[in-house]
Amino acid sequence: MNEVVDRLKNYTPARIGVGRTGTRPLTKEFLSFRIDHAAAVDSVYGEVAPELLESFQLFSVDTCIETKEHYLTRPDQGRLLSEAGEKMIWEKCVKQPQVQVVVSDGLSANAIEENMADVYPALMDSLEANGLSAGTPFFVKGGRVGCMDAIGELLKPDVFVLLIGERPGLVCAHSMSAYMCYRPRAGTRESERMVISNIHRRGTPPVEAAAHIGTILSKMIEQKTSGVGLVM
Amino acid sequence: MEKKTVLLGETYQFASLKEVLAKANEERSGDELAGIAAANMKERMAAKVVLADVTLSEIRNYPLLSPEEDEVSRIIEEGLDESIYKAVQRWTVADLREYILSDEQSGADLLKLGTGLTSEMIAAAAKIMSNLDLIQAASKIEIITHCQTHIGAAGTLASRAQPNHPSDNLQGMRASAYEALSYGIGDAMIGINPVIDTTDNIAALLKETKEIIDQFSIPTQNCVLSHVTSQIRAIEKGAPADLIFQSLAGSQAAIESFGISVSMLDEATALINEKGTATGPNRWYLETGQGSELSSNSHFDIDQVTLESRCYGLARRYNPFLVNTVVGFIGPEYLYDSKQVMRAGLEDHFMGKMHGLPMGVDVCYTNHMKADQNDMDNLSTLLAAAGVNFVIGVPMADDCMLNYQSLSYHDIATLRSVMKLKPASAFEQWLEQIGIMQNGKLSRHAGDPAYFLTLA
């Protein structure tokens, strides 16, 4: 019987086949759950290493966030760029690119550290395979999804893709999302944004996600829209 | 509508009903983020004192968002039973609170009263109620709904099995569903949050969940929680759905930010009634949660408790089978810690029940919120005492796709055992029949997902 349970467990990272004593979990499983929660809470407070950003030739700009607590309670400030950040983007970036790629730590710096090497080159390949040209990519520290609107106002790209760390889960504290939008600007509706979530090796595989992003961006450009209006 | 009061020697002035309602809320980070919260505890109490004396007709006559400018307000206004409202319009909010809590009034009386109240009136009452008030009032109200099966009867606690998978793998989803069923979880529904929102994928998940239900003759219903438009496409192509899902919000601008409108929801209702696979009349699964309006900047400086109540005003138009407030999912910028999540869970449950809705709660938290699983133990016990219709279950409380924690299947079995509650009746009979329960208790097969392979 144990072999059958093991086979079921192989199909999913979910905590199944964990057993019980009465109606309660077994001690080992209970403690392992609490350990993973502890690790996830700690990873919210991590930072992306500057060396990693350098290796992908990404320069880094700040939002209006000062501390982690500030980031957690003031999402509005994470959607706005600092004055210095705006200036740097304006000076360094290609204007009106077809595709603007941005990377941000969001709620898990760990997600960027773990997935960049898999996702980023695959994304660039996928853009090329779809005949799309990218502008100047960069990193946003303390960013929220809506920071793409502020960047969109500055650079006016046709389409935008934001690779951002998701809030960490227990099975995986390093899951990344790709948020995409056609011509993001001040006042973009959430329903205009599209997302591929759970990007990590045991979730949506990075290469598959990158291919999917390329397809979606092409369709956005073709249909001049994104979100619920886009026919896939 | 200006209001003022003197409290402990200080004069407090409020420029509008909107301001009174916001400042009368128990403390929460979302109201602070919106810049509408009381400055301190005394101002909060002054607002409560003022609110207690506001009459129900004042609340109706000074709309926060007029029906002409907001579709949600229009639905709330149109849905009101005028004769019930007329009988109570001179009551103050204090009168309303005391009527709700009085021994004289049964749950049926409260349900009848609710049809004559706007969502703002119900929210106002909640603001001057304590946590135990909210539990006492809600516990009187029984709301039974019918999709394929019936849930909500007094003395039962139903549950949604949520066997999500981080890449929508069908075998993984099935394995996780077996785990849920082996603990007696899944009587409210088997419902999947998909990762990939394409028509084909939604159809595949609907088929697989329906196949599990049919294979083991499980008295429950299926649902895949994608955007309503992709469910419509899948159902039109023949995918089997007992329930149709959508998230709601409390202002027209906020539901537009979800990419929906009242007319779209009306169309989806017609479609699920015509092409859905259920036999009963209640075909909607709706989700809400405090803070979503502010997160899409469509809150109009209205507080998040009042906006949440307005979601229920919209929800009652659709006679849903289940309404679920995903209370701790949104994050610390709206509900900072476990104290705020607990309060919000009890408020939402009470306000929904007063609207006549079959309320469930996703007792949950995220890893960036100041809360842990002990807090979920506490809130789920309070809600079970309050008579919550259903809760959400995931393996060991850990949703490996949505990256948050809810209740474990163990927890729901424990709540039933401690609070002397049963699964929904048809589902319990099925559990006894297949051998997961024996004489009302979990059997030796319970907790073994592989048991379902021996039945197959």
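Including glycine, each Cβ sits where the backbone N, Cα and C put it.
The structure displayed is predicted, hence computed values, not measured ones.
Taken from TrEMBL, the feature substrate binding site covers B:Arg160, B:Ala161, B:Gln162, B:Asn193, B:Glu287, B:Asp362. Counted within 10 Å of its Cβ, the other Cβ atoms near B:Ala161 (substrate binding site) come to 29, all protein chains included.
The number of other CB atoms found within 10 A of the CB of B:Met401 (adenosylcob(III)alamin binding site), across every protein chain shown, is 30. Secondary structure at B:Met401 (adenosylcob(III)alamin binding site), as computed by DSSP, is coil. The annotation adenosylcob(III)alamin binding site is assigned in TrEMBL to B:Pro194, B:Gln246, B:Ser295, B:Met401.
Each of the binding-site residues B:Gln162, B:Asn193, B:Gln246, B:Ser295 was scored by how many other Cβ atoms lie within 10 Å of its Cβ, and the smallest score goes to B:Asn193.
Within 8 Å of the centroid defined by the CB atoms of B:Arg160, B:Ala161, B:Gln162, B:Asn193, B:Glu287, B:Asp362, the record's substrate site, lie the Cβ atoms of B:Met189, B:Gly191, B:Leu225, B:Asn324, B:Ile392, B:Val394, B:Ser406, excluding the listed residues themselves. Taking the Cβ of B:Pro194 (adenosylcob(III)alamin binding site) as reference, residues of its chain lying under 8 Å away and at least six apart in sequence are, in sequence order, B:Asp168, B:Asn201, B:Ile202, B:Leu205, B:Val224, B:Leu225, B:Ser226.
B:Met401 (adenosylcob(III)alamin binding site) sits 8 Å from B:Asn193 (substrate binding site), taking the CA atoms of both as reference points.
Just so you know, of the binding-site residues B:Glu287, B:Asp362, the Cβ with the fewest other Cβ atoms around it within 10 Å is the one at B:Glu287. In three-state terms derived from DSSP, B:Ser295 (adenosylcob(III)alamin binding site) belongs to a helical segment.
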